[in-house]
Amino acid sequence: MTWGIIGTWRMVHDGLVAASKMLQENKRVGDAIEECVKAVEDYPYYKSVGYGGLPNEEGILEMDAAFMDGDTFEIGGVAGIVDAKNPVSVARALSKQKFNSFRVGEGATKFARLAGFECGNMLTERARRTWELRLDEVKKNNLNPYDGHDTVGVIGLDLSGSMAVATSSSGLFMKKAGRVGDSPLSGSGFYVDSEIGGATATGLGEDLMKGCLSYEIVRLMGEGLSPQAAADKAVYGFHHKLRKRYGKAGAFSLICMNLKGEWGVATNVDFTFSVANESAAPAIYFAKMGQNDTTVIEPITEEWLAAYEKRIKQPIE
Ligand code: GLY
């Protein structure tokens, strides 16, 4: 038996390092990926997930999250939840419920409070100020207000052969109240079957929902494709189809892992991710769309990491 874990964006890396240790120590995959996502939710400088996430156009931070167990197919989800410190933990708790396992808005927040999850104001001063500045900018320059939809999605495999996937996102910055992206939606934002593998998405939810790409990648792996071949086929096939029939394709990136801990990535934008398995220590990579529907994957550079660190912490006027 082997283990593995893969997650979206550079932001996942520190949590993934800790989670990979848990998997090496024979801890359960659900615990490892929940801890990994919580680390991202708790970090105030990541502006698209949890504490520090950017709010909707009314200045309210509405968050989406999901958890799926690949052994039992149990799924829990929250959409438009407010004030919950760790939406992923709320989603995981909901996955244990036979009924009412996907809750939205007030109902989701009420569940989190009643179930004893830590709640409080999740909007940081930095996020509030960024929202205020964007409101001004949009008014002055008649801009499209929408920006940023970087979900953290993590797929894990533990030494007992169990797989699970979790997502968490504050969604599109300046979204309308009640707008929900792909992240809490099974098949679009995530899917996992421990007998095959799992996949998860980040990008423009409105377009990801049109393709159900997470399910499609798992289905293709189930037909015998390698994770990389499945990701390339599903993502670039849909990217072309969407451009042809809808006229455009928003940014999206998908990652996947199979039951052997082998992984794949495909993207139509510049994308970073972190991955570890029994034969490779946790590392961050850069991915972009290559020629002929393939993906170019390179190790991240020190320069890129330094510029990222500077960018996420730069002072807001
Ligand atoms: N992928 C996250 C969102 O669109 O909300």
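Each Cβ is built from the backbone N, Cα and C atoms, and glycine gets one as well.
Feature annotations, reproduced from TrEMBL:
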ACT_SITE  Thr151  active site, nucleophile
BINDING   Arg179, Val180, Gly181, Asp182, Thr202, Gly203, Leu204, Gly205  substrate binding site
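Long-range Cβ contacts of the residue listed as 'active site, nucleophile' within its own chain (separation 6+, distance under 8 Å): Thr8, Ser48, Val49, Thr167, Ser168, Ser169, Gly181, Asp182, Ser183, Gly189, Thr200, Ala201, Thr202, Gly203. Those residues noted as binding substrate (Arg179, Val180, Gly181, Asp182, Thr202, Gly203, Leu204, Gly205) have their most widely separated CA atoms at a distance of 16 Å. Around the Cβ of Asp182 (substrate binding site), the number of neighbouring Cβ atoms within 10 Å comes to 34.
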